[in-house]
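Here is what Swiss-Prot says about this protein:
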ACT_SITE  428  active site, 4-aspartylphosphate intermediate
BINDING   381, 382, 384, 386, 871, 875  Ca(2+) 1 binding site
BINDING   430, 520, 579, 623, 752, 758, 780  ATP binding site
BINDING   875, 963  Ca(2+) 2 binding site
COMPBIAS  30-39  compositional bias 'Low complexity'
REGION    1-40  region 'Disordered'
TOPO_DOM  1-90  topological domain 'Cytoplasmic'
TOPO_DOM  110-114  topological domain 'Lumenal'
TOPO_DOM  132-343  topological domain 'Cytoplasmic'
TOPO_DOM  365-380  topological domain 'Lumenal'
TOPO_DOM  402-837  topological domain 'Cytoplasmic'
TOPO_DOM  859-911  topological domain 'Lumenal'
TOPO_DOM  933-945  topological domain 'Cytoplasmic'
TOPO_DOM  969-989  topological domain 'Lumenal'
TOPO_DOM  1011-1061  topological domain 'Cytoplasmic'
TRANSMEM  91-109  transmembrane segment
TRANSMEM  115-131  transmembrane segment
TRANSMEM  344-364  transmembrane segment
TRANSMEM  381-401  transmembrane segment
TRANSMEM  838-858  transmembrane segment
TRANSMEM  912-932  transmembrane segment
TRANSMEM  946-968  transmembrane segment
TRANSMEM  990-1010  transmembrane segment
């Protein structure tokens, strides 16, 4: 799967050619497709045509009817071939056809037993290969279902039925989505829309659904936009245009209308789809880049909010019209699969050479041509590991499915290989290393000697004007809202203290009756704790807002005066409320509020006092927020106008205008919040460090806060001359990539950073040769996630843009899941090495046994059917079970694997040759001994060299038992079964595979029907005991190797502990 591919929704990245020299045509032509048609209709006309509502959408019953009628919202795909046809295609392999030709020749020459035996054996081999390929395809299909895409929508559901929806396929809308004023400026209608919003699988969308989308979302279907706020959409995967396109709800009525709303792009990039009409004949439709009121399926929202009506799903979308060309593009194979292909090819050449030598020697010795031909082809089938690439794919896919059950969804198979090479993990602090539930623990304002505990000093918090002002600002400059359950049954302020911020002991998750940004929720939880009511519904309307961003590091709102009903932010009595990072707030304040409520000039000594109080809280690992308020200065700029307290702005102002309005404020105080570390994160960090993986924490918090939290997590924070354990965003701005690459070797914390700094950190680490994993959740994190070797997006809080760029998604947003994923990545690679060892040692042993027997002039010890049976064991369940061996818990003590490391290492080749030699030597010894177990009647005292069915049965069974013991030794390269390091029955699939193989072998030698096919005869208990003693030698020899290696490792480290700890 390619880097740009997505499991559930393939995106087409058109290759942009050189820019066009002419301006885009914006005139409206005669429409012939749904998007073209609806782009000319207004929102009301669109709703009327699709028989839906602009406020409430469809009813669930109507949506169900349309889903049954139109089918799921999925891109068209080719129907798979019937299983019987795919099974017959397995017979197209050259070696299989040669074996069938051998069977046909035997039949015509009267050797009916051989003909039937070869045909049956070939059928068994083909069946095993077919089952393997089928499992591989099903495993890959399961991967595509790991990342289901969702859509936020409004459906007309009565309040009594809402809980039923939540228990089925819907859930409460995420806290980061603002809906008010998108469809109506009425606060009541917006509130109703919020309560009715739901999250459903994108595949369940139908035409007429009312869909909501915001920054970072992927558009789930073709949508006619009915309301938008600062909405821009990235359509590069559809049109090739690199710049996000501004979107508007107005209909394209004429050429003039189209021009007036088009983005200011003089010469957009060209692509096969950019100038193409919407799924119609050239020149007949409105081009895709002109449809500024259509959001196309698969495109990504870069900024703003939007609402619209679904007009096309599945094959009826613009993506659906080009999906046929996508189906013809095969996903590239992973590097490991390509290396297995090359290995198989090289081994094929060697095998053909050895087989040709065997056939030539046999013919020179006067053996029958048909016999040597059949043996040669059978050896080719057994010796050439044609199943190796398939088993690699199955192992990777099954490993990914196991990782998904543990909370890590790998979106691309090559990423599994890279996981074992990761030696640096860059992690966000909030939500990944911590619980992402802030709780206010301390507060400070002037005239306080030091920050006080809010829960221990309730009188200070509720009696003083300064403390009450801090709470008031935190309440007003706040976008958190009641959760759907709390909104439908609101609690009083007195009872909210009991309901707010409870802990679910079963899951460890912290619950609140509020939803929104963690800092906003923490402040409202504090209000609940002290029984204070939410004031936002009782004060004047919010007339403007400056939203928080990682670059700005503060947010502010402007509340209109009671006398000013018009939504203007220039009223004489408007008041600004601001909260954010200390330095950003402090620079906007001229005065401060004393404990008794007086305003005093904020001079430099008092600013220093504020900074000391903030540093005191930050040193305890608290996140510090500053609060201020004051009258709005009269400016001439524009503003963001709102209809209610949590509305989304309808227009935007310049950065300068925003700064001018939030100046000359009164500083109120500080609040310290605590986001506790996740459970066992400190253990995960220690285990990663023990395995040679550095952990770097990236946070927007202050330096002292970051250091305090890092120490709690057990991260190395050592400040020594010439090195700095912490770098800030300002330090990064001043450093070049080369300087950062040099300094980063001693740095484990980056504080006061923005998403843009992540890209610089990744480049610096990669320039040193590090393999980097980077976490992120926002739109601005996407470039760094894509640049990193392993981009890790958050499953709960991450945007669709971040998930699109990532290689791995954490469904629980937990750092410990990264450790489990790296463990699995390492384990999968070593498991692949183990079954390669098993397959190659079996293949080499079979070839060398037949070659040596031929050179010594013996009759072939194994007939064609027996060789094909060995091939089934080599490529079948025993080999596959080695690929799913449980991961060794001590695997993290091994250093990360080099990206250029070969699969076939020197120790692996030595294991292959040792095991193959033991198998060949022991099997040949049994064969020679059994040939001489009877007297030669013509020469008294001389042993007979006549090969009987008993001789070949003993040889055949000896080889199979050798194979089983060899598979047992290949379960681990270093762990011993005898010393109890490797549980004998720890791999259930391996147990079943061995039992099945032994049962099959018993059938071959004891069931009369199979005796005739494989030319065997029954063995007694004494024979089996002798074979067990001989065949177990490969196990004892490998156990001895493991013991000697363990002794060497203990001597190397002195006391038996890993040198990395």
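Cβ atoms are placed via backbone N, Cα and C, with glycine included.
A map of Swiss-Prot features onto the structure.
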residue : record                                        : contacts (Cβ under 8 Å, 6+ apart)
428     : active site, 4-aspartylphosphate intermediate : 698, 699, 775, 776, 777
430     : ATP binding site                              : 436, 518, 675, 699, 700
520     : ATP binding site                              : 478, 479, 480, 514
579     : ATP binding site                              : 473, 474, 477, 519, 554, 555, 556, 585, 625, 626, 627, 628
623     : ATP binding site                              : 438, 519, 672, 673, 674, 675, 701, 705
752     : ATP binding site                              : 700, 701, 702, 703, 728, 729, 730
758     : ATP binding site                              : 426, 698, 774, 776, 781, 784
780     : ATP binding site                              : 550, 754, 755, 756
963     : Ca(2+) 2 binding site                         : 842, 870, 873, 874, 878, 919, 997
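For the topological domain 'Lumenal' (365-380), the residues of the chain that approach it from at least six positions outside its boundaries are 95, 98-99, 102, 105-106, 109, 114, 118, 351-352, 355-356, 358-359, 846-847, 850, 854, 857, 860, 863-865, 867-868, judged by C-beta separation under 8 angstroms.
When Cβ-Cβ distances below 8 Å are used as the criterion, the transmembrane segment (115-131) is approached by residues 86-87, 90-91, 96, 99-100, 102-104, 106-107, 374, 381, 386-387, 390, 864-865, 868-869, 871-872, 875-876, 1012-1015 of the same chain, each at least six residues removed from its ends.
Once the Cα atoms of 430, 520, 579, 623, 752, 758, 780, the listed binders of ATP, are compared pairwise, the greatest separation found is 25 Å. Residues 830, 833-835, 837-838, 841, 877, 880-882, 884-886, 888, 907-908, 911, 915, 1034-1035, 1038-1039, 1042-1043, 1045-1046 of the same chain sit 6 or more residues outside the topological domain 'Lumenal' (969-989) yet have a Cβ under 8 Å from a Cβ within it.
When pLDDT values are averaged over the topological domain 'Lumenal' (110-114), the model yields 68.
Counting only same-chain residues 6+ beyond the ends of the transmembrane segment (344-364), those with a CB under 8 A from a CB of the stretch are 371-373, 375-376, 379-380, 383-386, 388-389, 840, 843, 847, 850-851, 854-855. For the topological domain 'Lumenal' (969-989), the number of residues in each DSSP class (helix H, G, I; strand E, B; coil) is 3 helix, 0 strand, 18 coil. When DSSP labels each residue, the topological domain 'Cytoplasmic' (1011-1061) comes out as 36 helix, 0 strand, 15 coil, counted as helix, strand and coil in that order. Under the three-state DSSP scheme, residue 752 (ATP binding site) falls in the coil class. The local packing around residue 871 (Ca(2+) 1 binding site), expressed as other Cβ atoms within 10 Å of its Cβ over all shown chains, amounts to 28.
For the recorded site, residue 963 (Ca(2+) 2 binding site), the DSSP three-state label reads helix. Look at residue 780 (ATP binding site): DSSP puts it in a helix.
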